[in-house]
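See below for the structure under consideration.
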Amino acid sequence: MSTTQAAKLRKTMSGSELDQLSINTIRCTAAEMVQKAKSGHPGAPMGCAPMGHALYAHAMKYNASNPSWWNRDRFVLSNGHACALQYVLMYLAGYKDIDLDQLKNFRQLGSRTAGHPERELLEGVEVTTGPLGQGISNAVGLAIAEANLAATYNRDGYEIFNNYTYAICGDGCLEEGISSEACAIAGHFGLGHLIVLYDDNNITIDGNTDIAFTEDITKRFEGMQWQVLEVAKGDSDLTDILAKIEEAKKCTDKPTIIKVHTTIGFGSAKQGTSKVHGSPLGDEDLANVKKQFGFDPEKHFEIPAEVLSLYKSALARGQEANKEWDALLAKYAEAYPTEYAELVRRSKGELPIDLDESIPKYQVGDKAKATRVTSGEVLAALMKRLPEIIGGSADLTASNMTNMGAQPIMSRDAMQNRYMEFGIREHGMAAILNGIHAYGGFLPFGATFVNFIGYCWGAVRLSCLSKQQVLYVMTHDSIDLGEDGPTHQPIEMLPLLRGTPNMSTIRPCDGRETVGAYMAYLNNKEGPTTLILSRSGLPTFEHSSPEGAMKGAYIIDDFSGKADKKVVLIASGTEVLQTVEAKKLLQEQGVDAR
């Protein structure tokens with residue numbers, strides 16, 4: 001069939017035929033992006049094209065002309081290597097940050113279409129994904145955020161928050177342990193607005209999944225209190241995909257995973273094999289794919305006008321939904337002015353001007369306290385004033401001192417509560433915090449022992465890369481945790497934290513510096529903050545100050561000027577007390593110290 005004949009046929013297309021043309025356009029464009037870049041992953045985008053089209057053209061409520069609309073449906077591509085799929089969909093949907101040139105410059109230096117989705121580069125990318133399992137776990141956080149806001153602010157006749165969170169994940173995501181941690185929490189909370197489409201193609205890099213991944217996913221997720229649905233013909237049955245999404249929406253008390261059986265690299269001569277996972281198709285195979293789907297092999301990045309028109313209809317629906325929400329919010333503002341004002345403040349990331357008045361004050365002569373205790377006191381005070389603070393501990397609440405204000409515990413029947421028991425799931429906790437923050441209007445925190453931040457590291461690193469304002473409350477610092485032995489002594493964690501770009505690491509020496517550490521976190525919008533807190537009791541130092549701690553370093557005890565020999569002592573945290581004592585010993589030896 002010639003290109004002219006194909007164009008004539010398109011003019012008489014039915015809805016289903018236009019959907020198929022759109023899916024084939026997505027497949028060919030994604031494959032061509034990878035081919036032009038000479039690297040990337042064509043297989044998953046080609047296999048997942050029907051799922052992506054179902055979401056962006058039909059199921060999702062979003063407004064590409066206003067990507068920050070608070071009540072938009074969220075989409076997470078957990079298998080981030082398949083990002084050519086997301087970029088094509090975003091281009092079709094009309095996101096202003098991505099044009100055809102960006103598709104052509106896929107994976108190139110300076111391009112917004114990076115090799116994995118990065119939220120800092122493109123409006124419309126909700127979270128940064130790439131390391132497998134992170135995205136599906138972020139999606140749990142996004143769904144928790146929606147459920148919390150809905151339970152807190154919605155009123156009869158005013159359903160301000162009711163969006164869905166959708167995620168596409170692959171076999172690799174579900175093999176990663178973090179997915180089990182986060183998905184267990186999703187089932188525990190009964191997150192009915194979380195819908196995951198599982199690209200069940202039975203292929204990983206090393207070959208068929210039967211070499212290492214033979215568990216029963218249905219039983220696994222049913223055991224975690226999820227609804228499990230299935231699409232048998234995910235390569236071609238768009239109607240069934242959409243029907244299963246609608247069925248998922250009807251289940252309000254459980255998250256849903258839809259097993260969509262697909263063929264990786266659908267249409268390629270290498271389809272259904274690991275060879276199509278992470279390498280370009282090659283010129284000959286790409287040409288044959290284009291012919292097979294009705295496109296001219298000699299034309300590059302061909303996007304039919306009919307496909308663009310279909311997606312313009314989706315944009316118009318989203319704009320209308322956004323307009324209706326704005327009108328509802330205006331009425332809400334009149335009916336509930338206090339709640340509305342709070343939402344506006346939260347959405348802007350502003351703090352109350354009198355916040356300082358709520359924070360504890362620490363004086364010289366106060367009883368010595370561990371900084372984990374002063375942290376707990378400050379956090380409790382802040383949670384009373386700031387409803388955007390939400391978080392919890394990985395089964396160490398009493399040790400981390402993160403609920404000294406006796407905040408009620410979040411549960412499936414009380415999603416308005418803001419203290420979360422994550423269980424012994426450090427990695428899942430950290431990824432969920434990233435998702436909560438990405439939703440907007442939240443200041444999330446998570447707690448464990450300093451030594452166990454290593455268990456969280458994959459997610460912590462992504463919060464740094466994404467410049468997310470997440471707080472890590474890490475207690476039981478230093479080798480003075482002697483009784484538990486070296487397994488619990490965080491010797492190497494401080495260099496790791498301090499060496500990571502965009503991470504602010506603060507190790508306070510007393511209550512005043514703890515206050516400063518929290519204020520530094522609240523004012524740092526360029527990345528996460530980690531507080532390193534002691535179990536040992538520490539006095540309040542005469543010249544310590546919150547302001548000094550916020551600067552990162554300052555002089556806590558200056559030279560006395562009484563000796564010719566001088567030395568500068570530098571310390572943080574528990575060692576400040578020892579350094580102050582060391583100064584006294586040095587003075588006895590005729591050495592002055594700062």
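Backbone N, Cα and C define each Cβ position, glycine as well.
Now, the feature entries from TrEMBL:
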BINDING   H41, H277, R372, S399, H476, D484, H488, R535  substrate binding site
SITE      H41  site 'Important for catalytic activity'
BINDING   H81, G130, P131, L132, G172, N201, H277, F452  thiamine diphosphate binding site
BINDING   D171, N201, I203  Mg(2+) binding site
SITE      H277  site 'Important for catalytic activity'
DOMAIN    369-540  domain 'Transketolase-like pyrimidine-binding'
ACT_SITE  E426  active site, proton donor
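Comparing the Cα of I203 (Mg(2+) binding site) with the Cα of every entry in G172, E426, D484, these being the recorded positions, the smallest distance points to G172. If you compare every pair of Cα atoms in H41, H277, R372, S399, H476, D484, H488, R535, the residues listed for substrate, the longest distance is 49 angstrom. Counted over all residue pairs in H81, G130, P131, L132, G172, N201, H277, F452, the record's binders of thiamine diphosphate, the longest Cα to Cα distance measures 35 angstrom. Annotation: H41 are the binding-site residues among H41, R372, H476, D484 whose CA atoms are within 10 angstroms of the CA of H81 (thiamine diphosphate binding site). Comparing Cα positions, D484 (substrate binding site) lies closest to F452 out of the binding-site residues G130, P131, L132, N201, F452. The candidate set comprises the recorded positions D171, E426, D484. Of these, E426 has the most other Cβ atoms within 10 Å. Computed over the domain 'Transketolase-like pyrimidine-binding' (369-540), the whole-number mean pLDDT of the model equals 96. Cβ neighbour density within 10 Å is lowest for S399 among the binding-site residues N201, S399. Residues G170, D199, D200, N202, T204, T209, T262, I264 surround the recorded Mg(2+) site, their Cβ atoms falling within 8 Å of the Cβ centroid of D171, N201, I203, which are themselves excluded. Less than 8 angstroms from the CB of L132 (thiamine diphosphate binding site) sit S78, N79, G80, G170, G172, C173, E175, E176, each of them six or more residues away in the same chain. The local packing around R535 (substrate binding site), expressed as other Cβ atoms within 10 Å of its Cβ over all shown chains, amounts to 18.
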